[in-house]
Amino acid sequence: MAPSSLLLSVGSLITSSLVSATALEARQSQTYQLAESWQGESFINDWNFFDGADPTNGYVTYVNQSFAKQSGLVKVTESGSFYMGVDYESTLNPNGAGRESVRIESKNYYTEGLYVIDIEHMPGSICGTWPAFWSVGKNWPNDGEIDIIEGVNLQKANKIVLHTSGSCDVSGSNDMTGTLSSSECGEASGTVGCVVKGTNGSSGDPFNESGGGVYAMEWTDTFIKIWFFPRSQIPASLASGNPDTSSFGTPMAHLQGSCDFAERFKAQKLIIDTTFCGDWAGNVFAESTCPMSDPSSPMQSCVNYVAQNPAAFKEAYWEINSIKIYQYGVSAASSAAVSQATASKVEGTRVSAQAANTATPTVPAPVETTTVPQPAQTNTVATSAADHATPSSAETTTVPAATGAPSVSATEGGDSELESTSTVYVTSTTTICPVAESSSAAAAGGKEDAPSNGTSGAEVAATSVAAAAPAAATSGHPGADAIANSAAATSTDAQSESATSRLTAGALSEIPTAPPEPVSQAVSTGSFDDSDTAQGDSEEQGSIASASVAPSTIPVPASSSAAALGGSSIASSFASSRLIPRPTGSSTAASATAIATWSPTAGESASGTAKESATLTTPSEVFFTPGLSNGANRMSVGLSGLIGVMFIAALA
């Protein structure tokens, strides 16, 4: 009895053979369907124009699309074909910029299939030229390169070359009309690659004299075959648009062997170009019987010839009727592309904002102030404080926007994502000032009453209010730099705000590169009365009749947040250094960081004499100081805890 391991090996071999045969039969039973096609104007509009330095070190200046069209280097002929030529009028300096030419690249990368190019004319057999129709993967040489049509100088036969990484050997015993001169496609052969020399007349002058023809490449995971058909010998199935490679006959190149084509040749973009001299044409210039102006340097002789003989390159042009890509089971409505090749199509970085309960700041509830209902589930960041935030009674918190940050809608406990081209982190600044009725639409919010939650000032002092600013993106879309998630800051007997006494948030200013210079004025002045003084142990609040903020912007740390809470409340973090006027007439310098909630109440008139109240907590130093206005009016002081209250009482 045979060992079980032997039986398993035999069974695996039989199974593998059956699977391979089945796959081959399935492939043979399929037909190629058109997946991509270009002709005429689509070459100009749907391909990228490469205008960088020549990777092959040629004496060439590749031009962009606009210049190529204006100068006539690319155009659509009367017959509808695509013309792509070179400058054949300018005499050049051999030590200057190279001859103008065009290199176009497909925008997408493509995988296995049947590639068909119908060429009416290709660059002729001209000294110094190096035309090519080829493909290359994103990561050279690992993803491979396929040179379908390539030749230099006076050559009249095409050279088909494959390049890839490692070792990739193909057999010379495959049936083909061309001649295999190198069987190693990988780096083991240096930069030579595996090379098949085509039949005479497959490129250059003889190709053009016979009216051009069609090249077809079949690329699978096991082989690459390339056919050349002169104009008079194009297969009927190919001409009808229903290609059947089994009727194509013997290919010019049949590259197959121990090389793993599925691993060595990945998705490729197509390239058509004409360069001059360079690493190949320049180095073999002397071997091509081209004129040697410098016997010691074939390369310099090539450059001299190209620079000083413009008329020689009148025939160095491509005229292409079409390029088509066929694939199994892929309709023309589907894309054969596997990825985008241009930066303009790259997916952007996703930016998300998350509402976190642990970062929710708590503010004391004033006894007689108008407050804004807190959102039950959603925080919506407005895209523009002036244009997009409208008054609403919905339970929504509106944050004024900063230019350059994305619009983010965040659901509590979840994410909302936005695409952009890149991600940055920003620190915003904000300026708050009273505005007239016509500007009150800049902050959204409602006039609904809300019950008090009994939050005390002591709780405020102990609450962490660090709220990280979300990532922003340079997408050019307006958005917000922070989201303030305030706990239910409510009051008893909340009043409806007067239309003439709304205090709204101004648009966020541009991001400062450095903190602003101190301004020699108090942050806020106004008139007050004793009835607005807070009733809590450590709550510091007052009624502000005409609040104003210094003209300079105040930087908000990245760990803070600034928001307009509804239409009548504003919560912000401030940091500044000010000269504070004292009741005695002297001034005191004070550096302060404060978290304040401004809640305007009903006004007395439209002249700005309305009473408004504010809640303020300060970690350390004086932020608002007493200012005298209209005799008996006073303003409360922002200090920490009981010391602040005692200090206010002493000043009073």
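Even glycines carry a Cβ here, placed using N, Cα and C.
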Per Swiss-Prot record, range annotated region 'Disordered' [choices 165-207, 509-551]: 509-551
Cα proximity to ASN208 (N-linked glycosylation site), best match among recorded positions ASN64, GLU145, ASN200: ASN200
GLU150 (active site, proton donor): secondary structure state under DSSP, collapsed to three categories: strand
ASN64 (N-linked glycosylation site) to ASN200 (N-linked glycosylation site) - Cα separation in whole Å: 34
For GLU150 (active site, proton donor): intrachain residues, at least 6 apart, with Cβ closer than 8 Å: TRP130, PRO131, ALA132, PHE133, TRP134, ASN158, LYS159, ILE160, VAL161
Rounded to the nearest Å - Cα separation of GLU145 (active site, nucleophile) and ASN200 (N-linked glycosylation site): 24
